[in-house]
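The next block holds one structure in the form of structure tokens; read it before the comments.
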Amino acid sequence: MSEVNEESESIGMPAPTAWPMVSAAGVALAAVGIATNPFISVAGVMVLMVAIGGWLRELTPGRGEIEETWVPVDQRAREVVASSRRVAQPRAGLPGNRSHFPERVHTYASGVVGGLLGGGVMAGTAMLYGVVSGRGIWYPINMLAGIVLTRFDDVSKLELERFSVTAFIIASLLHLTASALVGLFFEIVLPTLPKSPVFWGGVVAPLMWTGVVYASIGILNPLMSEHIVWSWFIASQFAYGLTMGIYVVNAKKVPASHIEGASTADGRDHESQS
Amino acid sequence: MAIAEPTIESPAPPLVTRLHGWVTTVDHKRIGLMYLMMSLFFLVLGGLEVIWIRMQLWSANNTLVEADTFNQLFTMHGTTMIFFVVMPMIAGFANYLIPLMIGARDVAFPRLNAFGFWMSLFGGMILYLSYFTGEALYGAGSAPDVGWFAYAPLTSPAYSRGSSVDYWILATLVSGVGTLTFAINLIATIVSMRAPGMAIGKLPLFVWMMLVDAWLIVFAFPPFTAAQVMLLMDRHLGAHFFDTQAGGSAILWQHLFWFFGHPEVYIMALPAFGIISEVVPVFSRKVIFGHTTLAMSTTAIGFISMGVWAHHMFTVGLNDGLDAFFSAASFLIAVPTGIKIFNWTATLYGGRLRLHTPMLFALGFLSMFLIGGLTGVMLAAVPVDWQVSDSYFLVAHFHYVLFGGSLFALMAGLYYWYPKATGRMLDETWGKWHFWLQLIGFNLTFAPMHISGLMGMPRRVYTYQAGQGWEIWNQISTVGGFVMGAGFAVMFVNLLWSLQRGRIAGDDPWDAWTLEWATSSPPASYNFETIPIVRSRRPLWDKKHPEDPDWIHE
Ligand code: HEM
Ligand SMILES: [Cu+2]
């Protein structure tokens, strides 16, 4: 990197100049004048014009550049030398310098599909609750739309039971996106979790999620919390988590390098090359 | 390894000559350093203001400052921190590092670069001039007191007499032009001045993220500038863009402001992501996990962040459909962000971690930013936002993002690249003191604000009644503020002390892989004697490990 260029003693670099600073000072003065006294603005504009003139002169041939001499050899960077340290060899079960962790992952598609499937089962559970409880099949859908539709903020139960096109569209969009994204997220994190993935997806995640919602919703949205029946809320979370978890776990795994599309696992290809 | 002190120290030139050298410099490295010094200077001012705020809120019915003064303090604090601390710090890092990292001798427009810096600095000076020039157009005024977002109609001549609002407009306008020149210069540099072999796909992640960042600046700042000019016209020429009493629209200001203001949050966050993406792999001794997904998710964040501004406006009463759209778009941004967090964590996993100060700050960033991101997702739900908007919950959230995110990462960068810029290492012991004081102080300050916010404490109140259960949380916050102040004091001592006494760094103290470590510390004005030739994303690794270079794998 730091081979000495023996041929020339120097290199052309832009010359120092005060005109950029003076130009900026001109602009600033012109601005300050607006808040204080117009004469300051006038002075600022004049300073700016002079500075632009000076700046332009710097751009003419033969000016604006200086020859910078190379720094003495002992102050230059040293050549980057080969390290005596050997590259870490891949150890069993642990990622080395260049390797991916996790080594094998599920495809993104499996996460999305699993999420959507889970979302379907979840919606079914929730609507079943609507029917069983006698509140009507649209009740859970309207509740979901209430996350963004402020109209449902303080409505009677009655309106929550009625079909609404807007609420239906919004709830479906929300539900599908959220289901797919949670599935995707789960698919990405899954290989980093220890063992028993169905346990994480089907038990831990729904419990945690329900806990968070339960703890915060009373403060954040008291009205909403009155309408939630927790047993069914949890049931539909489990329905989602289990379906999605089981699907993703059974999906085919591929080497991480396929997804990344670039480098390969540490050592492996290298070894086969040498 | 002991390296002898350099012996060729020629006698230092007189102070005036040296100052003249700084004022006239067009060297991107010196300009970068000036940006950083400016940022640290304003950090002190913004910090002093907030210490004042926190002391006022120590107890109920406190009378340390008056309501008007309080308004000025939080306005100046917010404006200072965003425009004159975080932004110049970013410009400083980018200016110093990017030509070095892409193997260039300079930036594309060196003189314009200097101009951009001076505009930023003079902008900051205009802001603080407001404290000194009270008497003006309408005979009143002093520091601005309308919040860093300057909502209409507060800024109309009817509500803000005097010229304090003008100072706010002009300060942000002038520095904004500086920021824009910086961004344009940066794009030109990255696009046209890369070393041979450095394809776009081989850019170091910091450079890639700064490229997206510069584009965001180019899209977000001009509308802001336009809005400011409109406001100036309202105030001085009788235009009525935002004057509700004459048919103008206050909502229009909010749209224009947040069309800039939200991307601005990512403009401050992306460079932080870039720094983390450089620091984490080097201190984990591993290749970054998912170079491509990190780059792509940055681009996705850039695009999505342009389309979520109205989540700052849920409470102004837009229609339901619009709220729903902006809510959904805001949720969406969690996905690319989540991918990044995952990539960094996966890079840490199984690595041989070296817990030096830069790495500590990087880990601090990861955890604090995660908390800020989670409360951000909560706020993207409209009813939640309705509940806690303009409460201390919001203040807690954005400090976890901006301070826990940006500033922690910027500190990681400071400790990581200081040796390159000065030739000396920062002291590790003091660095660790700084880190722990900042981490503990930060959480003491801002975590309780979640609680006081949920308990109903509105932001921007200068005092409050006793007996609402808010005192204890405010007191913890105030103590935390002082702890953090102590942390920054340690940092300043370290920066100054190490400049003279720090351990000599050598070219490549961290055994890193990107090109800036291939020059001397500090680098010569022309950066490299010969322009390096690049074959992979880690050119120095290739040289250090000819037996297993990266380019066979990429
Ligand atoms: C990078 C660092 C920081 C940034 C970017 C930042 C940004 C901001 C912004 C934008 C505001 C809003 C001002 C307004 O409402 O108009 C604010 C307010 C505030 N900040 Fe900071 N800040 C930072 C550091 C700090 C520190 C170190 C503390 C405490 C020690 C602090 C405590 C506060 C407080 C108490 C408020 C007032 C909240 C209110 O009344 O609305 N900030 N900050
Ligand atoms: Cu936003």
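Just so it is clear, glycine is given a Cβ too, placed from its N, Cα and C backbone atoms.
Taken straight from TrEMBL:
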type	residues	note
DOMAIN	B:16-535	domain 'Cytochrome oxidase subunit I profile'
TRANSMEM	B:33-53	transmembrane segment
TRANSMEM	B:73-100	transmembrane segment
TRANSMEM	B:112-131	transmembrane segment
TRANSMEM	B:167-191	transmembrane segment
TRANSMEM	B:203-224	transmembrane segment
TRANSMEM	B:265-283	transmembrane segment
TRANSMEM	B:295-312	transmembrane segment
TRANSMEM	B:324-348	transmembrane segment
TRANSMEM	B:360-382	transmembrane segment
TRANSMEM	B:394-418	transmembrane segment
TRANSMEM	B:430-452	transmembrane segment
TRANSMEM	B:472-497	transmembrane segment
**OP:** Could you give the residue numbers and ranges of same-chain residues that sit at least 6 residues beyond the transmembrane segment (B:394-418) on either side and whose C-beta is under 8 angstroms from one of its C-beta atoms?
**Re:** 36, 81-82, 86, 89-90, 93, 96-97, 265, 268-269, 271-273, 275-276, 278-279, 282, 356-362, 364-365, 368-369, 371-373, 375-376, 379, 388, 424-426, 431, 434-435, 438, 442, 445-447, 449-450, 453, 459, 491, 495, 498, 510, 516
Original post:
Honestly, do the transmembrane segment (B:73-100) and the transmembrane segment (B:265-283) touch, with at least three Cβ pairs under 8 Å and pairs 6 or more apart in sequence?
Top reply: yes
Original post:
Under 8 Å, at least 3 Cβ pairs, sequence separation 6 or more: does that hold for the transmembrane segment (B:265-283) versus the transmembrane segment (B:112-131)?
Top reply: no
**OP:** Quickly jot the same-chain residues contacting the transmembrane segment (B:112-131) by Cβ under 8 Å, restricted to those at least six beyond its ends, or write none.
**Re:** 25-26, 28, 31, 34-35, 38, 42, 45, 76, 79-80, 83-84, 87-88, 91, 95, 141-144, 163-164, 167-168, 170-182, 184-185
Subject >> Spatial neighbours of the transmembrane segment (B:203-224) far in sequence, C-beta under 8 Å, 6+ residues away >> reply: 90, 94, 97-98, 101-102, 172, 176, 179-180, 182-184, 186-187, 190, 194, 256-257, 259-261, 263-264, 266-267, 270-271, 273-275, 277-278, 288, 291, 294-295, 298-299, 301-302, 305-306, 514-515, 537
**OP:** Summarise the model's confidence over the domain 'Cytochrome oxidase subunit I profile' (B:16-535) as a mean pLDDT value.
**Re:** 92
